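Encoded as structure tokens, the structure appears first; notes follow it.
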Amino acid sequence: MSFQDGQVGDGSILVLVEDVMVPISVVYNAISILKKEGVEKLDPMIVTQASTQSLTSVESASRDIVALICRSLEFPSDKMCGDISRVLKPGGTVLLSLSSQSVSKANSTHERKLLLAGFSDAQSSEAGHSIVITAKKPSWKVGSSFSIKKITKSLPKVQIDDDSDLIDEDSLLTEEDLKKPQLPNVGDCEVGKTKKACKNCSCGRAEAETKVQLGPTAEQLDNPQSACGSCGLGDAFRCGTCPYKGLPPFKLGEKVTLSASFLDADI
């Protein structure tokens, strides 16, 4: 038995067919994927050569199942997938039965169309020479709302026993903590108006009073000497505190002479 262009039946199941004619066995085989028993007793609405105009007369949220018999990648269109979502009840199922000729690319293409139309839980399986894709419409209606209950967490109750033993804070201090701190010993250094470091100063005052000599003295330039033996070799061999740092290499015992352009800028 087959159906030609038009609509047959009136039930909660809508079948959309791309071709002009379709055997009734193909329709029942597609529906049997969802309903295992009593398929022959069902009276689905079948629309051949289906298009977006075929769904204009179908009421919104009036169908439990919409099955599509496809043979090409263009069917159903993106707009038709949106119309199918409109006529399905919340939680309804859409089923796509794809012929073996379009199996290679149809699986991913049709799943993408269903996901973009708002369907979820898309699953594919093999049924004979066809691939069947099923998806669910969300169980909530467009524009529906619900209240969110705010969960208030109560603070834990702490019971204080007045009879419990309390620690005395003073008992935490030792005798050493209660002693008055002693001032540092400044030794024999004078602490009057004119402070002066003693001979054997150990408090650091002598180092603070020492004047820093910048550069070598005249005696060091006239008769340069080196305790380490590397001062005359140049800055690469001199230590950080060498008095000859910055001077050109020289020979020990000979006067250090500077060229006329020694102090000229490099640029």
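The backbone N, Cα and C atoms fix where each Cβ goes, and this holds for glycine too.
These numbers come from a predicted model, not from an experiment.
Residues or ranges marked as [2Fe-2S] cluster binding site by TrEMBL: CYS189, CYS198, CYS201, CYS203.
Across the domain 'Anamorsin C-terminal' (222-258), the model assigns an average pLDDT of 80. For 222-258, the entry in TrEMBL reads domain 'Anamorsin C-terminal'.
Beyond the ends of the motif 'Cx2C motif 1' (228-231), by six or more residues, the same chain brings 237-239, 242, 244, 252 to within a C-beta distance below 8 angstroms of the stretch. Positions annotated as motif 'Cx2C motif 1' by TrEMBL: 228-231.
Counting only same-chain residues at least 6 apart in sequence, those with a Cβ under 8 Å from the Cβ of CYS231 ([4Fe-4S] cluster binding site) are PRO224, PHE237, ARG238, CYS242, TYR244, LEU252. According to TrEMBL, the [4Fe-4S] cluster binding site annotation covers CYS228, CYS231, CYS239, CYS242.
The region 'Fe-S binding site B' annotation in TrEMBL covers 228-242.
Sequence annotations record features per position, and here TrEMBL assigns motif 'Cx2C motif 2' to 239-242. Residues in the motif 'Cx2C motif 2' (239-242) partition by DSSP class (helix H, G, I; strand E, B; coil) as 0 helix, 0 strand, 4 coil.
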Counting Cβ atoms within 10 Å of each candidate's own Cβ, which of the binding-site residues CYS198, CYS228 comes out highest?
CYS198
Please list, for the motif 'Cx2C motif 1' (228-231), how many residues fall into helix, strand and coil according to DSSP.
1 helix, 0 strand, 3 coil
Taking only the Cα atoms, work out how far CYS203 ([2Fe-2S] cluster binding site) lies from CYS239 ([4Fe-4S] cluster binding site), in Å, as a whole number.
27
Hey, for the [4Fe-4S] cluster site built from CYS228, CYS231, CYS239, CYS242, who else sits with CB inside 8 A of the CB center?
SER226, ALA227, SER230, PHE237, ARG238, THR241, TYR244
